[in-house]
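Features of the protein shown, as given by Swiss-Prot:
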type: ACT_SITE; residues: D267; note: active site
type: BINDING; residues: N198, R199, I200, E201; note: ATP binding site
type: REGION; residues: 1-322; note: region 'Ribokinase'
type: REGION; residues: 347-479; note: region 'Cytidylyltransferase'
Amino acid sequence: MIDDFRFGRITVIGDLLLDQYISGGVSRISPEAPVPVVLHDGLRCVPGGAANVAVNAAALGAQVHLVGLVGEDDSAARLKETLKLWPTIETDGIVSSPDWTTITKTRVVSGRQQIVRIDVEKLTPLSETLQQRLVEEACRAIAVSDVLVCSDYAKGVLTDEVLRAIIAAGREKGIPVIVDPKRHTFEAYAGATLVTPNRIEAQQASGLPARTDGEVLKVAETLSGQFGGNVLVTRSEDGMTLWQHDAKPLHVASRKSEVFDVSGAGDTVVATVAAVLSAGQTLETAVVIATAAAALSVSKFGTATVSREELSRELLQEMPETGALVPVEQAARIVESWHRHGAKVVFTNGCFDLVHPGHVSLLQAAAREGDRLVVALNTDRSVSRLKGPTRPVQKEEARARVIGALRSVDLVVLFDEDTPLEVIRTLKPDILVKGADYTEDQVVGADVVKSYGGKVVLVDLVEGQSTTRLVRGMQSAPS
């Protein structure tokens with residue numbers, strides 16, 4: 001999926017942090033106090049805050065212009081050194097000031113257990129001169145960017161004045177403006193395209209509970225009223241919910257993963273959404289891909305990035321092999337993904353007991369009508385009800401395997417009812433194909449497909465080909 005994306009340029013502005021990890025082994029308790037003694041064996045420094053958003057976007061292949069504020073101190077030097085590892089990140093927009101202390105979070109860890117975190121931050125109000133320099137650097141970057149990200153850690157860089165100026169610049173350029181928020185309310189983000197609070201941030205800013213899907217949608221609508229844009233609520237194990245003014249809500253289930261550390265997961269989400277939008281994809285597609293990126297991020301320890309290769313492999317896990325037999329629920333998610341990428345989905349159904357040239361011809365003709373072909377097979381019980389107790393000749397697993405092996409078939413599902421009506425309603429195919437021995441008014445699901453703009457296609461059959469005829473021939477053949 002993402003292998004074909006051509007990522008664009010992203011401006012990231014916000015609070016720059018340095019994340020440090022002091023690691024070591026613990027084998028005893030201090031005699032001085034009831035605390036573990038850590039035998040130091042390493043120090044790792046990684047970009048944090050807005051800088052982590054930048055490296056996550058760069059890891060996917062985007063060009064990034066990073067704008068922010070650091071002090072003239074050792075932490076600033078370490079942060080800039082870590083950013084040199086990412087040649088696609090432009091750091092000329094980082095402003096240095098002797099009046100600012102580079103925000104540093106130092107974690108002491110043993111194994112994958114965090115023992116203590118030590119923060120260094122002395123937050124002072126920004127002078128008008130510093131604010132103006134930040135705006136100038138941001139506007140210079142926005143002029144050549146495809147997406148603007150404001151990473152607000154509430155550390156003082158994104159003042160009301162800075163936000164107003166850069167959001168206005170993004171809107172004037174006509175590019176998406178994404179805000180990762182930390183404020184108690186979202187009025188300061190007026191004009192943003194998308195704000196991405198987590199569940200706790202959304203509850204605090206709205207004053208409403210956000211436990212169920214319905215509650216989250218109400219929260220998102222309330223938050224949108226504060227700034228006027230769309231809202232993406234990240235919900236940990238409950239996935240993500242996208243609320244938009246001009247589209248239906250989108251709930252994306254979380255992907256199963258072993259959670260080691262949630263540090264920086266929100267940065268990964270906003271970076272992925274920004275990168276996918278910079279490639280010209282839809283917001284819905286960006287959210288689905290960001291859900292996969294988040295699952296990878298929390299499976300890593302500490303502030304981490306997700307590479308394009310890792311994300312591509314993760315996304316492919318959701319997509320089965322061509323012709324695979326999958327549950328209808330999974331098929332619905334796959335078809336939805338195909339639709340988001342502009343594919344026309346074709347649907348046909350049948351018992352397909354003993355596959356013969358007539359079946360192959362029908363499926364080849366069906367596949368030519370669109371981009372993806374889903375075949376729904378009657379289960380064994382369904383076939384017996386329709387054809388009699390001696391059928392099917394082949395069990396459903398065997399029939400599914402044979403049909404799925406045909407080059408023209410992309411996906412196979414089973415249905416236990418006498419007709420595939422419910423499957424059609426669930427999958428919402430664009431084109432419904434049956435043999436020309438039917439008339440359109442006889443095709444089950446024709447009215448459903450046509451109700452949302454789809455069509456029904458009747459294809460010519462190969463004369464003299466019939467499973468029933470084959471079965472009779474086998475029964476009458478001399479033993």
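Each residue, glycine too, has its Cβ placed from N, Cα and C.
What you are looking at is a predicted structure, and each value in this text was computed from that prediction instead of being measured.
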**Report entry** the residue listed as 'active site': tally of other CB atoms within 10 A of its CB
**Finding:** 30
Query raised in the report: Applying the rule Cβ within 8 Å of the centroid of the Cβ atoms of N198, R199, I200, E201, what extra residues of the same chain belong around the ATP site?
Result: P197, A202, Q203, Q204, A210, V233, T234
Report summary line: Cβ proximity for E201 (ATP binding site), under 8 A, sequence spacing 6+, ordered by residue number, returns P181, K182
Query raised in the report: Say you check the Cα of the residue listed as 'active site' against those of the binding-site residues N198, R199, I200; which is nearest?
Result: N198
Query raised in the report: Within 10 Å of the Cβ of I200 (ATP binding site), how many other Cβ atoms can be counted across all chains shown?
Result: 10
Requested in this report: May I have the DSSP-based helix, strand and coil counts for the residues of the region 'Cytidylyltransferase' (347-479)?
Outcome: 55 helix, 26 strand, 52 coil
Requested in this report: Identify, in sequence order, the residues in the chain of R199 (ATP binding site) that are 6 or more apart from it along the sequence and have a CB within less than 8 Å of its CB; answer 'none' if there are none.
Outcome: A210, V216, V233, T234, R235, S236, D238
Query raised in the report: By a simple count, how many Cβ atoms lie within 10 Å of the Cβ of N198 (ATP binding site), its own Cβ left out?
Result: 21
Requested in this report: Check N198 (ATP binding site) against DSSP and tell me helix, strand or coil, would you?
Outcome: strand
Query - Segment-level pLDDT (mean, integer) for the region 'Cytidylyltransferase' (347-479) - result: 87
Report task. For the residue listed as 'active site', just give me the three-state DSSP call. Result -> helix
